[in-house]
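These notes concern the structure reproduced below.
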Amino acid sequence: MLLLLAEYLQQFHKGFAVFQYLTLRGILGVLTALALSLWLGPWMIRTLQVRQIGQAVRNDGPQSHLSKKGTPTMGGALILTAIAVSTLLWADLSNRYVWVVLAVTLLFGAIGWVDDYRKVIEKNSRGLPSRWKYFWQSVFGLAAAIFLYMTAQSPVETTLILPLLKDVSIPLGIGFVVLTYFVIVGSSNAVNLTDGLDGLAILPTVMVAGALAVFCYLSGNVNFAEYLLIPYVPGAGELIVFCAALVGAGLGFLWFNTYPAQVFMGDVGALALGAALGTIAVIVRQEVVLFIMGGVFVMETLSVIIQVASFKLTGKRVFRMAPIHHHFELKGWPEPRVIVRFWIITVILVLIGLATLKLR
């Protein structure tokens, strides 16, 4: 929006041309989203408290979680508001990738909002039934996948790229739609499963988004892409603004979500942010790198799959409780220790993901 204004004002003063730079708009995107989160956060928390929109706590979970009962939830709406406003202000709104990622984020956020609303407002412990949740995730995920497939401008945009192997790429054809669907829906649910402790999901999400911003910048620049032997995706660089907005909004939310949390993001935030990461990774053809950098999300998801499969097949549980962060809590780890150690793991995995840019 403001980019269009700056382009118009260039005829009066050439200094407005500075807003053409992605890096500047990315910085402004971070600061705008951060400021909005910090400004609106206290108001949102008070509003949620007044309306008694509080978190329900499982009785069979760690006893330390009983004190969290009633903590305001659905705070993810704050994150999505900050992301949307910042992106609309600073991004090039003629870029199709910006609209795809923003639409996926808000639509998955809507699914989470309905789920949270039914749990908290209507006091329905089941929330949105799983079959309907996955149905709408599938509808929106497939819609995004088909759109990206139909609008691909070169074969590389639908090719699977394997990091570390510079001469290996796998043309997917229509299989691109299937892969994209699983990446978007899988990422969405993985982040949601991770969101069980104060700040556990949001900081890894911020770190992965920051790393994806680097991939967006490099993939959107033909010279850098050729030098680093990564796919050149025209227009992908504009997603820096979205990634930056996510980083700013996430850090602002963490201010209130850090232990002991004043607010939880709820499904409205977790489902949306996971879907956003998956969509961005697909656009810049870095699905495998997302799997690496989001290793904490993968670990949480696998722990649930293993736990359910083991119990159904053998009647025994592998972990004391799943997702795995609860397993460590029940082993006696204090909540802050679990959180910080998972953050440290994410830092390491993100650095490994970034290292794949040169290790080819």
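First residue shown is number 1, and so on along the chain.
A Cβ is built for glycine as well, from the same backbone N, Cα and C atoms used for every other residue.
Taken verbatim from Swiss-Prot:
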{"type": "TRANSMEM", "residues": "25-45", "note": "transmembrane segment"}
{"type": "TRANSMEM", "residues": "73-93", "note": "transmembrane segment"}
{"type": "TRANSMEM", "residues": "97-117", "note": "transmembrane segment"}
{"type": "TRANSMEM", "residues": "132-152", "note": "transmembrane segment"}
{"type": "TRANSMEM", "residues": "168-188", "note": "transmembrane segment"}
{"type": "TRANSMEM", "residues": "199-219", "note": "transmembrane segment"}
{"type": "TRANSMEM", "residues": "236-256", "note": "transmembrane segment"}
{"type": "TRANSMEM", "residues": "263-283", "note": "transmembrane segment"}
{"type": "TRANSMEM", "residues": "288-308", "note": "transmembrane segment"}
{"type": "TRANSMEM", "residues": "338-358", "note": "transmembrane segment"}
Report, as numbers and ranges, every residue of the chain located at least six residues beyond the transmembrane segment (168-188) whose Cβ falls under 8 Å of a Cβ in that stretch; write 'none' if there are none. 104, 108, 134, 137-138, 141-142, 144-146, 148-149, 152, 155-156, 158-162, 270-272, 274-275, 277-279, 281-282, 287, 290, 294, 297, 301
Please indicate, using numbers and ranges, the residues of the same chain that are 6 or more beyond the transmembrane segment (25-45) and have a C-beta under 8 Å from a C-beta there. 3, 19, 72, 75, 77-79, 81-83, 85-87, 89-91, 213, 240-249, 251-253, 255-256, 262-263
Could you tell me whether the transmembrane segment (73-93) and the transmembrane segment (236-256) are in contact, taking contact to mean 3+ Cβ pairs under 8 Å with a sequence separation of 6 or more? yes
With the greatest number of Cβ pairs under 8 Å to the transmembrane segment (263-283), the stretch among 73-93, 97-117, 132-152, 199-219, 338-358 is 97-117
Candidates 73-93, 97-117, 132-152, 288-308, 338-358; stretch with most C-beta pairs under 8 Å toward the transmembrane segment (199-219): 338-358
Quick test of the contact rule: Cβ under 8 Å, at least six residues beyond the ends. What residues does that give for the transmembrane segment (132-152)? 96, 100, 103-104, 107-108, 111, 115, 158, 174, 176-178, 180-181, 184-185, 188-189, 271, 275, 279, 282-283
For the transmembrane segment (288-308), the distant same-chain contacts (Cβ-Cβ under 8 Å, at least six residues beyond its ends) come to 160-163, 183, 186-187, 189-191, 193-194, 204, 207-208, 211-212, 215, 274, 277-278, 281, 317-319, 322-325, 327, 342, 345-346, 349-350, 352-353, 356
